[in-house]
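Copied over from Swiss-Prot:
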BINDING   Tyr36, Cys56, Cys59, His60  heme binding site
SIGNAL    1-35  signal peptide
TRANSMEM  286-306  transmembrane segment
Amino acid sequence: MQTRKTLSWIKEEITRSISVSLMIYIITGAYISNAYPIFAQQGYENPREATGRIVCANCHLANKPVGIEVPQAVLPDTVFEAVVRIPYDMQLKQVLANGKKGALNVGAVLILPEGFELAPPDRISPEMKEKIGNLSFQSYRPAKKNILVIGPVPGQKYSEITFPILSPDPAAKKDAHFLKYPIYVGGNRGRGQIYPDGSKSNNTVYNATAAGIVSKIIRKEKGGYEITITDAPEGRQVIDSIPPGPELLVSEGESIKLDQPLTSNPNVGGFGQGDAEIVLQDPLRVQGLLFFLASVILAQIFLVLKKKQFEKVQLSEMNF
């Protein structure tokens, strides 16, 4: 009897342990899979520094172009498109975290004026939904609905990203005004060269941390190298560890200098930023402008008719 109770207790403990382990795995896996797009969010309160530099450039060191297209003017409480273009050569392959080659991903941050925000799904037209595809946008911070981020997403499918934006209504939001506003955008393609903690990724060049002779190169079992540099006068040895991915440029017996590149630079991506302007237009001002234009056109018509009437009178007097 005692043996049965013991076995039953052991089964319960094993089942409980498996359940807890599974829950931890699911939670941890979800966190890891969702962590990559929010690297900047974890480290910076605001993605745009006082100098105008967008913080993504701190990890993506290469400079690449990015484009943005928005309407010149929008009316209050209107949904419009902000199209971000991240061009690159689709044939390029980047170094992945495991050292293998793979396709490039893209990502973007869109900094809108205060009051502008992501349009709710029920306000987005079917045509715009088709352009958006399966993209899922999120706010940079819960309290900063005007700053939107997206990525990483497959670059071959989403090198052009359409953001559905809702303009504010000054009649409902007292802090919104009918003005011209700036919009800032940052877009990257490919992996970064530096992680948020300051450490290097395997998608960058590795330099020698000491001058001397390359006395030994060991190829690691999981990829990458350990390079031993011996300082000839002192006999001091320094070991530089190279992760899998970059190609080695030096060989044993070679004399190298401090900060000399030990590897190639495998990075094929980069980050770019740009800006645009948009006017939140007052409908009354538009109506006033239309009324003014209509008045001018009518005045021109009346002048032409009056001129023709005057010419007829003159002609009749001459005939008389």
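Each residue, glycine too, has its Cβ placed from N, Cα and C.
Note on Cys59 (heme binding site): other Cβ atoms within 10 Å of its Cβ, all shown chains, come to 19. When other Cβ atoms within 10 Å of the Cβ of Cys56 (heme binding site) are tallied across all protein chains shown, the result is 23.
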